[in-house]
């Protein structure tokens, strides 16, 4: 009807033949969400309460933790409501808001990962200038720039979809709203939305990935110039945690993009799993990676556990 076209709603994806098992499938999803909340919340608490961690690298880590908390909270509770209570329909406005948050927060996270790569480059290649270049004030400005960049680049996505009619199928490929997924359901010309969406992805995530690789090429060049292998390994080991976090972000992102582009004939389960991996893997792994690789964070966590136990 015309009224439903003006304010459409969408149907979240379920797994054909496994609808009855979705309540059980929600349990590991809920556990991963709780783990993400606990891990990232702990990182924020540890850095806030430990003065020795008030440095740019740990402030960037706090930004990652806050982004992962926001991204998981913008999606997982809605997915759990669907799996447990059958609330499969999502309104047009709520879908566009969720879509905007997912893409904007992902863009902010990509920018922060680039800033962390630059931090590692300056710390290794220009150690005497590190404190002067990456001050706390500069770190705060980078955080504000990351937020502004994400909002400015991805705010047009929902605005481009807002006037489009949706008169056919409204069943999404995932249990949450993504731009390409919603755009494919429109029964109108979506060329402007396609072109802008691809441009935004390339200018944000694509450019960031290239610059991160360039940073590590320069770091590798500096490390290989060191005489002793032991010294090379010691210096490069300071980058291992960041490299793992970058992979945890970009591998699911690329996998989801490939599934969207070439996976139209794949089983719905693949789309749903890739979507959930994209949302939850960085949020779960990031605090674990930095908790394992950073002795200062380990010591502070153990001291907090000891104080609470006492």
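Glycine too: its Cβ is placed from the backbone N, Cα and C atoms.
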From the ranges 1-23, 24-46, pick the one that TrEMBL records as transmembrane segment.
24-46
In the same chain, who gets a Cβ under 8 Å from the transmembrane segment (24-46) while lying at least 6 residues past its ends?
15, 18, 53, 61-62, 65-66, 68-69, 72, 76-77, 79-80, 83-84, 276, 280, 283-284, 286-288, 290-291, 297, 300-301, 304
Considering pairs 6 or more residues apart, do the transmembrane segment (240-263) and the transmembrane segment (90-118) have at least three CB pairs under 8 Å?
yes
